[in-house]
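A short worksheet on the structure shown next.
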Amino acid sequence: MFSILFAITFTRPDYLPLTLSYLLLTGMYGYFKEKKWDLNLVIQGMILLALYFIIIKASGYPGWKHLFYDSFIYRRPLISGLPPDFTFQDYLHIIYTKIIYFKRVTLISLGLTGLIFYYSKDRWIRAFSIIVLVNIYIKFLIFPHSSGLRFFFGYIILLLFIFLSVLSTKYNGFRLRKIA
């Protein structure tokens, strides 16, 4: 599973909160089941964090503050030119104005999570769907591009796959039984 998380972080570093929260959920679930912590999960999390910082440094990423300023406040001719200047109040104002247009993503993700809870009684599936839902809002708080469904598409597809897996388990793999 670590190789999948590594590949996710390597191809999309902005999905780091999802991979780390998955490791945290796995660790907590294992702790409550076996009453001991798995040190491998901590090491895997540190490797993923190191990978993230290596990618950020190697690609010359100017930083979140520059990206946020250029995307939502004022587009500068050169992204790493003058330092961005905005306050926490400016950030909150942008969040408040963008959350209004976040209805589609909220409706789809809450609907899928509700259906997962309705059809599945498995605690792991329920907890993982909550983690995905929380990560949608973490991503929104980091980059509140609410009208861009494409930014949240990976999370919504993941919730859809979880839902389809739950349906498949509940209805015995969707196999039609013999009529007679």
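From the backbone N, Cα and C atoms, a Cβ is placed for every residue, glycine too.
Per TrEMBL, the features are as follows:
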TRANSMEM  15-32  transmembrane segment
TRANSMEM  39-59  transmembrane segment
TRANSMEM  99-118  transmembrane segment
TRANSMEM  125-143  transmembrane segment
TRANSMEM  149-168  transmembrane segment
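Using the rule of three or more Cβ pairs under 8 Å, pairs at least 6 apart in sequence, the transmembrane segment (149-168) is not in contact with the transmembrane segment (39-59). Counting only same-chain residues 6+ beyond the ends of the transmembrane segment (99-118), those with a CB under 8 A from a CB of the stretch are 125-126, 129-130, 132-133, 136, 140, 144, 146-147, 149, 152, 155-156, 159-160, 162-163, 166.
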